[in-house]
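Database features, via TrEMBL:
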BINDING   A:Cys537, A:Cys540, A:Cys577, A:Cys580  Zn(2+) 1 binding site
BINDING   A:Cys546, A:Cys549, A:Cys564, A:Cys567  Zn(2+) 2 binding site
DOMAIN    A:291-457  domain 'Helicase ATP-binding'
DOMAIN    A:572-746  domain 'Helicase C-terminal'
Amino acid sequence: MIAKVIVDVPSRATDRPFDYTIPAGLIGWVEIGSRVGVPFGGRVLQGFVIGLADYADVDVSKLKPIAELLDHVPPLSPDLVELAQWISEKYFCALTTALQVMIPAALKGKADSVVTISEEEQDYSWLHAGEGDAPWLAFIRASGGPVRMAALQERFPDDAAAIKQAIKLGILTEQVSIKDRLSVRKVLTVYPPDNEALAQEALANYSARAAKQQEVLRYMLENREPITMSALVETLSTTSGTIRAVADKGLITLREVETQRDPYAGRNFKRTEPLPLTEGQQAVYEEIAEALDAEASRVFLLHGVTGSGKTEVYLQTIERCLQYERQAIVLVPEIALTPQMVERFKGRFGDSVAVLHSRLSNGERYDEWRKIREGRAQVAVGARSAVFAPFQRVGLIIIDEEHESSYKQEESPKYHARDVAVRRARQHGAAVVLGSATPSLESFAAASRILSAASAFSVSDDSAKSSGGAALLPMPHRVGNRPMPKVHLIDMRDELKAGNRSMFSRQLHEALLDRLEKGEQSVLLLNRRGYSTFVMCRSCGYTAQCPHCDISLTFHQKSRVMRCHYCGHAEQAPEKCPTCESEHIRFFGTGTQRVEEELAKLFPGIRVIRMDVDTTTEKGSHEKWLTMFGERKADVLLGTQMVAKGLDFPYVTLVGVIAADTSLHLPDFRAAEKTFQLLTQVAGRAGRHELLGEVIVQTYNPEHYAIVSAQHHDYAAFVQEELKHRRFMSYPPFCRLIVVTLSDEQLTLLITAGDKLASTLRQLAYESGVKGWIDSDGSRFIDILGPVASPIPRMKDRYRFQCMIKYRGNVGAIDLLKQAISMISGPQGQPPVQISVDVDPQVIL
DNA sequence: AGCACGCCGACT
DNA sequence: GTCGGCGTGCTC
C-alpha cells in the first residue's frame, strides 16, 4: 500500500504528492486525511495523506516508509481534502496551505528530535581538546537516556557544530518526531474513598487537632463524587495542603484528569424557545425548509432589512436541519461575533454549539474544534474559517452579513468563505443561506438573474452546467412593523457657510443635547476607512514614511512611537521636523480621540465610550465596553466601523455619522458600495425597540446616490445606479478579477518580469480561442491590464507591480495565468520574481 | 523550505 | 594547494 502525501513545505517545487510506503503496523490506520510525519530530504516533516494507492508513481527503490502517524483519528475527512484541492486550484496556493487552514493551529506540528549515545563504552575524548568527554557528551551520558535536541542546543549553544559532527559520525543517534503545539489541559481532581469502611473508621477517630481534614473526609463521604481540587478548596474554604494531607493518609485519591477548556464555562445561557414567525419570516423559512427536506444544495440570498428578524429565521432553519441529524455552520463577521450573538445560539441550542473565533487561545480553539469532530456539537458558530468545521454531514451553512469583506482572507490561501461555503454545500447536499440587509452586488446579481449564471457566482466558474445563481428571499419589513428610522442628511458646506466650524452640525449638537436630557443613548460613527493617524509637518508638508515600505507611519499616542502597519518598523516620533527643523510638526491623533475631546468640551460631564483599535486590542475589551454601554453606563458610544455591526441596544434613539464621505472617494471600485452598506448598517442601530430612532448623517456630498439611497433605505435604487457604473467600467459583477502582484528588491528585474508576464498572458489569451480575446457580445472576454506600480509601491524593501485580469464567462483565466507563470519561470518552476495571486480580490486599494 | 552538490576567489 | 562563496537541483 502506498500513501500519497503532501509535505508541509509551501513552495511550488514541492506542491505535489510524494509517495510513501505504509509500515505494517500502520496499515488500516493511515487514511485519507491522516496527518503523518515523513522523512523528506534528510529531515522529518509533517504531511497530509491525500490518497492511497496500490502502486507508486516512482521507482519502488526510492520509496521511504511513513515515520509516524500523528493522530489516532484523522483530523481531516476525504471531503475536506477534496475541498482543499479545489481551494488550491481556484485560489492559486500550495495544497499544504489550503490543508493547513482547515485544522486548528494547535495541530501544526513541528519536528522535535532527541539524541542518544550509540555505543556507551567508547572513549570520545578525541572529540575535544580537553581530557575525557566533552561537557555536552558527559551531559548526555549522565542523563542515561535520550536527550531533547532543543535542550542540548540551549545548554551548549557553542557546541552545535561538534554535536552535528557526532551525529554524522554515528556517535550520537538522532530520532526525529513531530510534536504538536497543543497541550492537553489537566485538572487535579479529588476522588472519594475506595474503602468506605476504612474511611468511616478514620472519620470517627480523627484527631481533634485536624478538624479541617475531618471536614474534607466527611464531605467526600457524603457526596461520593469526584470534585476538582480548586472547587473543593473553595466550598470548604480550606487549602490544598489540608486535602493533600488526607490523601497522604490513603483515605482519598488525587488524580490528574484531562479536561476540555470551555470558554463559556460557568456562563448560564437563558434557554429560549422559538418565537412565532411573522408572515414574511414564515415564507422565507418555508422556502429554506423545502431545500432542507430535499437535501438539495441550493443557495438563498436572504435580503432582510435591519431589524427584520433574520436571526430568528436562522435559528429555526437550523432546528429543522438538526432534525435530520445533519449539522449547521453559521458564519458571522469576526467583529459581530459578540457575546450578544453567541448568547442567541447558545440560548437556543445549548451545549451543542461550538464557537470559533480569533480571540480564543490555541488550546481553546482546539477543544471547540474537537467538540465538532467528535460529534459533541451540532452547530458551529464562527468567523470565516468555521466554514471548515469538521462535521460529518453538513445540512445548512448560514452566512450572516454576507457582504462583509472580512469573509475574504487576505493571506494565502486567499479564499472567500462565501464561495467555499457554496462549494462545500454542494459536496454535502446542503443549503446555503446568505443573509444581509445590503447584499453584495455579486450575490444580488446572482440571485436576481441580472446576469447569465456562468458569470455570476464565483463557484459556477468550474461548472457552467450547474444553474449557478441563488434564490432571492426578501424580507422588506421590520418585525412588528416598526418603522425604519428617519435619516436626516446634513450638508456640512452649509454649516461652514453659517459659520459653524465644529465637527458637529447644529442639528447633531441639538439632537445629542436632547438625548442627554432624556437619558437616552446615542451611537456616533466616525467613518474612518482609509484614514489613519499620521505625522505631518505643518510648515513644509513632510510626512513620516516607513523607510522600507512606501507608506505613512502610524502614530501611537500612548508610546509616542510611529509604526509601519506592513512591516512592523517602529521609531520614536520626532520633536521637530527632520527636514525643515520646524517645531510645527503635528501628530494627527486618531479621529475618534479628537471627537471624544470635542464632545467633552461641548457637553460637560458627558459619558463617552470610545471604541477603536486603540481601546479594543486587549482581550475581552470589546465585550467589556459593549456590556457597559448596554448597562447604560455611558451616554454615547463612539467608534469606527465596529459600532455599526449587529449591536442591539433598546435605549439607542440617535445615530450620528460624523463624516459619511470619508470612504466615498477611495480609489476602490467598491467605495460607493461600502459607504452605502456602512450607512445602512449603522442607521439600523437606532430605534429597534419601543423608542423611535433618528439618524443624522453629516456629509459634503448630500446628492451622491450612495448617501441618498441610504437615507431612504432604498437598496434597489442604490443597486440600480451602482450597476450602471459597474457595467460601464467593466467591474464585478459584470466581470471577475484576478490581481497578480509581482515583487522584488530589484526594480529592473521586476519591470522585465512584469512586462514578460503581461505579454505572455495576452498572447495566451489571444491563442486560447476567445476570438479576438475581447468578445464583441460581451458574454466572454478577457482583458489584461498593467503592469503598473501597486497602490503600495514598495513593501519590506521590495518593489511591487501588479497586473489585473478582467474576464467574463468560462475563459479558463486561472489556467491561462498558471501557464503564463510557468512559461516565464525556470525549469524547476522557480519564478524570476515573487508572484502572488489574488482571485476575486475584495480590496483594490 | 532546507540541504547537498558543484564550480570559481582569498587564505593557512 | 584548500576553505568556502551561494547558484542550481532535488526531496517519495
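Glycine residues also receive a Cβ, built from the backbone N, Cα and C atoms like all the rest.
TrEMBL labels come from automatic prediction, so no person has curated them.
Structure with TrEMBL features highlighted.
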{"residue": "A:Cys537", "record": "Zn(2+) 1 binding site", "Cβ neighbours (10 Å)": "21"}
{"residue": "A:Cys540", "record": "Zn(2+) 1 binding site", "Cβ neighbours (10 Å)": "13"}
{"residue": "A:Cys546", "record": "Zn(2+) 2 binding site", "Cβ neighbours (10 Å)": "25"}
{"residue": "A:Cys549", "record": "Zn(2+) 2 binding site", "Cβ neighbours (10 Å)": "22"}
{"residue": "A:Cys564", "record": "Zn(2+) 2 binding site", "Cβ neighbours (10 Å)": "21"}
{"residue": "A:Cys567", "record": "Zn(2+) 2 binding site", "Cβ neighbours (10 Å)": "16"}
{"residue": "A:Cys577", "record": "Zn(2+) 1 binding site", "Cβ neighbours (10 Å)": "21"}
{"residue": "A:Cys580", "record": "Zn(2+) 1 binding site", "Cβ neighbours (10 Å)": "14"}
Neighbouring binding-site residues, C-alpha within 10 angstroms of A:Cys564 (Zn(2+) 2 binding site) - of A:Cys537, A:Cys540, A:Cys577, A:Cys580: none
CB-centroid shell, 8 A cutoff, Zn(2+) 1 site A:Cys537, A:Cys540, A:Cys577, A:Cys580, site residues removed: A:Arg538, A:Ser539, A:Gly541, A:Tyr542, A:Pro578, A:Thr579, A:Glu581, A:Ser582, A:His584, A:Ile585
For A:Cys537 (Zn(2+) 1 binding site), the one of A:Cys546, A:Cys549, A:Cys567 that lies nearest, given that the binding-site residues are compared by Cα: A:Cys546
Environment of A:Cys546, A:Cys549, A:Cys564, A:Cys567, the listed Zn(2+) 2 site - residues of the same chain whose CB lies within 8 A of the CB centroid: A:Pro547, A:His548, A:Ile551, A:Leu553, A:His565, A:Tyr566, A:Gly568, A:His569, A:Met795, A:Lys796
For the domain 'Helicase ATP-binding' (A:291-457), mean pLDDT (0 to 100): 92
Of the binding-site residues listed as A:Cys540, A:Cys577, A:Cys580, the one whose CA lies nearest the CA of A:Cys546 (Zn(2+) 2 binding site): A:Cys577
A:Cys580 (Zn(2+) 1 binding site) - helix vs strand vs coil (DSSP): coil
Rounded inter-Cα distance in Å - A:Cys577 (Zn(2+) 1 binding site), A:Cys549 (Zn(2+) 2 binding site): 20
